[in-house]
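J.: This is the structure, below, for whatever I ask next.
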Amino acid sequence: MQFSMRSALGLLAVRRACCLSRTTHNSPQTLEYKPIKKVMVANRGEIAIRVFRACTELGIRTVAVYSEQDTGQMHRQKADEAYLIGKGLPPVAAYLDIPDIIKVAKENDVDAIHPGYGFLSERSDFAQACVDAGVRFIGPSPDVVRMMGDKVEARSIAIRAGVPVVPGTDGPITCLSEAQEFSNTYGFPIIFKAAYGGGGRGMRVVKEYEELEENYQRAYSEALAAFGNGALFVEKFIERPRHIEVQILGDKYGNVIHLYERDCSIQRRHQKVVEIAPAVQLDPHLRDRLTADSVNLARQVGYENAGTVEFLVDKHGRHYFIEVNSRLQVEHTVTEQVTDVDLVHAQLRVCEGRSLPELGLKQDKIRINGFAIQCRVTTEDPARGFQPDTGRLEVFRSGEGMGIRLDSASAFQGAVISPHYDSLLVKVIASGKDLPAAAAKMNRALAEFRVRGVKTNIPFLQNVLSNDQFLYGTVDTQFIDENQELFNLKPVQNRAQKLLHYLGHVMVNGPTTPIPVKAKPSSIDPVIPPVPLGATFDVAMRFLCECPWKRLQELRALLPNVPFQMLLRGANAVGYTNYPDNAVFKFCEVAKENGMDIFRVFDSLNYLPNLMLGMEAAGTAGGVVEASISYTGDVSDPMRQKYSLEYYLKLADELVRAGTHILNVKDMAGLLKPESSRMLIGALRDRFPDMPIHVHTHDTAGAGVAAMLACAEAGADIVDVAVDSMAGMTSQPSMGAIVACTKGTNLSTGISLENVYDYSEYWEVARGLYAPFDCTATMKSGNADVYENEIPGGQYTNLHFQAHSMGLGHKFKEVKKSYTEANKLLGDLIKVTPSSKIVGDLAQFMVQNSLTRAEVEERADELSFPLSVVEFLQGHIGIPHGGFPEPFRSKVLKNMPRVEGRPGASLPAMDFQALEKQLRETHGNDITPEDVMSAAMYPKVFQEFKEFTHQFGPVDCLNTRLFLDGPKIAEEFEVELERGKTLHIKALALGDLNKAGQREVFFELNGALRSVLVKDTVAMKEMHFHPKALKDVRGQVGAPMPGKVVEVKVKQGQAVEKGQPLCVLSAMKMETVVNSPLSGTVVKIYVNADSSLEGDDLILEITE
């Protein structure tokens, strides 16, 4: 009964429309030509500018209106006059404020108002308000706007006109139960549509009953926000249709023509993404029916001005009327390109009273010439479900050239993209003789675009334009959903702008790498161009912000014939913890594939099971195995027999028996004296006459050269040295000294001293670049007390830095003494990373708490020891020679669990496929096997490294001084990104602090002004900001996009299920439901309704 009553009302509306139509047709003599002198556009953005340009061409003065949020928008600058509207109103509401718009028009002698599209363009009350105020409305009459804008009434008119329609309600539904009733009658899927607007707003497809209520609420809310009226109607949803629309144009004299059709099937969330004119492979008979039905429908209602009749075409070629858009469409541009008709000119002239024939617009003269494509470039991120992105356009450069038209608004460097309005940045229109030709021009133009500061959909559009189905077949509205390869997006490099961000960050906040002492890098660069050098695996990522694998690959390419060696910490691989056995094997395999030759395998405790695993992994990978004996004590001292000569020989026997190719003595503290060197190396040479022997030491005590000469005389084949300018103290003995001392003897190296001097000179200058890290900043000499404290060279330097940075430089002697005592407490360990760190942690613990060795032993059961000490005593790095110290161990551990045997043996195998999948989900598809290994070894360090490169890009192209200290103001320099691509950069100025805690840093890049906003980390500590969700904390739910909170759907303390809606965000008039990532309890909510959020702002926390 309800449906039939509405049908009757629809019939009355048709009859009324026909009467209006006949009256209009029969009274042309009552009309007169009234020129328009001034036009207001009641809209914003690119459509406002499009109309202004047409007005200017016709000699008509222009007026813009703008909201408080749009003061910086270009449309207000393109008009002859501009006035504020909707003061104090929300952003969208300002453009819906009819009284204020009419008031501005009357006060400024506006003749006519163009509504653009969206906002008030299909509001009959606005059209009527214009007429009542004596201002012409550039569009259909208010009655026609009302009939066509009310999609239910338009549907009824179409039925009476004999145009096929999709089954649907005869009027707007007023409650959810009516939608349920319709779905019970026609089944699913169904679609909700806004009754008083289009553009995909308020449109939701419902595929099953369980989704009905949620989608009804969301569609109603979106329609209300976008059009000021939440009325909806319901239709049966036609699956896999083509979306074809016909452009119509009418005048005041009853003349109606069509300008053929557009294919708008490529859609996302019912919003058009790419439009084509004419439709590809459209049956000519179907084209005739579509255009004839459109013209007939327009004539039925006396349609004047521009409009669009939209249809769905199913797979059988049947067409169904959807709606009439009684306004100019976003995609009108493609019709203009293929018909050579300026639709806005026509709108203005028709409004003045001109007839279509007067304008030369007769149906038989309208011809299609070639093809045109329009792409809507939006600030949306396709990789994140097309979530709108906001921010400042740091760079904007458009694509141009033959066959390209650009309709844009505020797309310029420095423009701010807000979350308040549509995400459209620029419309790009390409024309060609056929679709592939037009697509080629479009692809080229999109490739020329450079948009930095916000994400765009350009990579997605490029994938669409390269798709064979798009180019040579037909597409329907499911094209995007069914072609997921469209989302295999080519990453945007953005290297130059990221480098500027990095340089700006250093200029504002100082180095990203922690600087031990306050010293500036030298301003002098080495004369010889530097080559990449090796670095500790995690240090490369953690401090140098470079990929260690890339360094290895570059070195191998530069030095193809030089053997490379790496250190492998046995079962600890290149880390400081235990890994599953398969992780160690896999690491060695990947290292060998990337160019590593020799694996120097050691264990910090000389724990044989750990050593054996590392040797087997290196050997299985095909590497040369160099098993290491970590040295401590003094074999020449008969009073120190824990680590006796016999101990080392027995260990060497095991390593040789296990198949090592080279035997290494690793003296990390520099404890080998000449006599102990002769004893140990002589005994090893006697025991293994054919085994290559390699010795590594440090020169902390100053006896390194003498010790290495003694080793050589005793039979060592290789000794490690450092170039003179980098030698001595905690480094290795001097290369020049060894070369000079052996010259002319049977141990001569054959190396020219002149070459050593030249090499040393280069590194002397290079060392100045690393002045902030140079041990000589705090350490002026070596010290023979290393024979007592046995601190390894690298750790000695670090402890020295730490003591001075904490203001305890005068207590370094106490630190060294505590190190000796800590070593004794732990049972006299071999001290190599990580065992040396354990001793160091305990020593610092003792100094900080003013504890003696005796006090620590006495209070061991009550003190809170460093975690590294506890884990050592549990057995996490293996079993030390002579066992664990008792009763110290038992007092510390009490009832804590202990690891028996080799720590890694009980660990489950690492799932590399699962890890790779996880990394791809987090960081994208450009994950390499090397990245997987980096994440396996150092998960947190790799995560931070990827976050750094995502923010700043690769920084290895910067020289050392720029990397550490940044440029000086007015400094000019060049950065080579790759061969043939060099950036010329000049640092210009550093701005003042803004209210967001940022400073603007200005550069000149390749002659163009660039600027970046950098957060001042010191200043921000004193300012309050909304907390961000931490990505590695599962229960922290962040905003997926900038926007406003529409509704919070849960309460603190509430239990939630995975996937349950938590809140609703609105951005750019599109609502998004934020769902729970896990099941648990809401512990804290950080937002409320109307909260404005930035991307990743913390919404709430959930505990499992």
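Numbering starts at 1 and runs along the chain as displayed.
Quick reminder: no glycine exception, Cβ is built from N, Cα and C everywhere.
What TrEMBL says about a protein is an automatic prediction, not a curated fact.
According to TrEMBL, the protein carries these features:
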SIGNAL    1-19  signal peptide
DOMAIN    35-485  domain 'Biotin carboxylation'
BINDING   LYS151, GLU235, HIS270  ATP binding site
DOMAIN    155-352  domain 'ATP-grasp'
ACT_SITE  ARG327  active site
DOMAIN    500-757  domain 'Pyruvate carboxyltransferase'
BINDING   ARG569, THR833  substrate binding site
MOD_RES   LYS666  N6-carboxylysine
DOMAIN    1034-1103  domain 'Lipoyl-binding'
MOD_RES   LYS1069  N6-biotinyllysine
J.: If you count, for each of the recorded positions LYS151, GLU235, ARG327, ARG569, THR833, the other Cβ atoms lying within 10 Å of its Cβ, which residue has the minimum?
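T.: Each of the recorded positions LYS151, GLU235, ARG327, ARG569, THR833 was scored; lowest Cβ tally within 10 Å is THR833.
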J.: Looking at the recorded positions HIS270, LYS666, which one has the fewest other Cβ atoms within 10 Å of its own Cβ?
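T.: Comparing Cβ neighbours within 10 Å for the recorded positions HIS270, LYS666, HIS270 has the fewest.
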J.: Mind checking how the domain 'Lipoyl-binding' (1034-1103) divides into helix, strand and coil residues in DSSP?
T.: 0 helix, 39 strand, 31 coil
J.: Roughly how many Å lie between the Cα atoms of LYS151 (ATP binding site) and LYS666 (N6-carboxylysine), rounded to a whole value?
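T.: Cα-Cα distance, LYS151 (ATP binding site) to LYS666 (N6-carboxylysine): 84 Å.
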J.: So around the ATP site, LYS151, GLU235, HIS270 aside, which residues have their CB within 8 A of the centroid of those CB atoms?
T.: GLY168, ILE191, PHE192, LYS193, ALA194, MET203, PHE233, ILE322, GLU323
J.: From the recorded positions GLU235, HIS270, ARG327, LYS666, pick the residue whose C-alpha lies nearest to the C-alpha of ARG569 (substrate binding site).
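T.: With Cα distances computed to ARG569 (substrate binding site), the winner among GLU235, HIS270, ARG327, LYS666 is LYS666.
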J.: Please average pLDDT over the domain 'ATP-grasp' (155-352) for the predicted structure.
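T.: The answer is 92, the mean pLDDT of the model over that range.
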J.: Going by Cα-Cα distance, which of the recorded positions (ARG327, LYS666, THR833) sits nearest to GLU235 (ATP binding site)?
T.: ARG327
J.: If I take the Cα of ARG327 (active site) as reference, which of the recorded positions HIS270, LYS666, THR833 has the closest Cα?
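T.: Sorting the recorded positions by distance from ARG327 (active site), the top entry is HIS270.
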J.: Tell me the Cα distance separating THR833 (substrate binding site) from the residue listed as 'N6-carboxylysine', rounded to the nearest angstrom.
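T.: It is 12 Å, counting Cα to Cα.
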J.: State the Cα to Cα distance, in Å, between THR833 (substrate binding site) and HIS270 (ATP binding site), rounded to an integer.
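T.: On Cα coordinates alone, these residues lie 60 Å apart.
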J.: Rounded to a whole number, what is the top Cα to Cα distance in Å among the residues the record ties to ATP, namely LYS151, GLU235, HIS270?
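T.: 16 Å is the greatest Cα spacing among the residues binding ATP.
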